[in-house]
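Straight from TrEMBL, the features:
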type: BINDING; residues: 116, 117, 118, 119, 120, 121, 122, 123; note: ATP binding site
Ligand SMILES: Nc1ncnc2c1ncn2[C@@H]1O[C@H](COP(=O)(O)OP(=O)(O)OP(=O)(O)O)[C@@H](O)[C@H]1O
């Protein structure tokens, strides 16, 4: 195994005469390359969002990278990018390691997923977003706070689950494929919730957040109750959220309600991380046509208008409904295109949260010489 210096020496022997200057030149080169990588996900460069742990030269250059937000699915593309630029094979290992301190108990970021009205696919978006964050290397939990229709137990196939008490004060979350899960639906009968009044409901939901024994999490995704009433307002004020994702469908009615949601979060100063336009179009497998059943680009235009990222345009897809009803997740092989849409949305959310709070994040770069 050869060290970083060999890249400059052109020799397979460790070059004892290599200077500090040469070493730092490669160091700078790799960092410059990282700075130029994919500006859509890494708006001020991947360099600021990573720590280069080690670079070892040999027949291939081995690079170990820490990513400071959930984006590990970029690994093959980063490796190819570096290989192309350096003209040599690169073996890249990527680990996700968020630098931020925990904001709430042992949770680093709480992300509220909200919608101005019911039925637009908020819970479906929350589950797919949470799963995509996990697929990108993060430790993720999901809290179902949708008092009017808690659907996370169904979407995760946990309908009969009853969380156990850890002690007299806290409940253990359920686990679904590594997603720590808590739901108001685990605790209530179907008819119980809707009769709750504002203060009663928001108190209970805050209790559920605070009195669940969450494991160490990078992101907790909260499926909020739909709408912009007292419960939602109180929760938005009380939950120490890093940001909110708004889910809408493209038609005018839904957009008007989405705007109300955005106004609510602006009022309580929760940053809008982005907008998901759900049920954007239907792709007919038989005629290969695309039909914009609920109108075209309404969410995209709204995102542009209020200057927040459009996280994704998710089609109305049989598989999304089907896996949801089966309590399963989209498959990486069978549902590639849909997985890619949620994957990109998750990376944009993670990226936004990182850059939003990263003004003074130190970037530590260590090059080892083994
Ligand atoms: N993109 C999509 N393609 C196909 N079906 C979808 C899509 N998004 C959501 N659905 C389906 O629409 C229904 C409502 O979705 P979901 O429960 O996520 O909405 P919601 O906004 O959370 O609703 P509520 O406000 O009632 O909680 C579900 O049956 C779900 O499977």
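Placed from the backbone N, Cα and C atoms, the Cβ positions cover glycine too.
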Additional residues surrounding ATP, by Cβ distance to the 116, 117, 118, 119, 120, 121, 122, 123 centre under 8 Å: 115, 226, 247, 249, 254
Annotated binding-site residues 116, 117, 118, 120, 123, filtered by Cβ under 6 Å to ligand 1: 118, 120, 123
Residues satisfying Cβ distance under 8 Å from residue 116 (ATP binding site), sequence separation of at least 6: 226, 227, 228, 246, 248, 254, 256, 257, 258, 259, 260, 261
For residue 117 (ATP binding site), the number of other Cβ atoms found within 10 Å of its own Cβ: 20
Cβ neighbours of residue 123 (ATP binding site) where a neighbour is any other Cβ within 10 Å: 26
C-beta crowding around residue 122 (ATP binding site), within 10 angstroms: 27
Residues that sit under 8 angstroms from residue 118 (ATP binding site) by C-beta distance, when 6+ apart in the chain: 148, 149, 226, 227
For residue 119 (ATP binding site), nearby residues of its own chain (Cβ under 8 Å, 6 or more apart in sequence): 226
Entry from the binding-site residues list 120, 121 having the most other CB atoms no farther than 10 A: 120
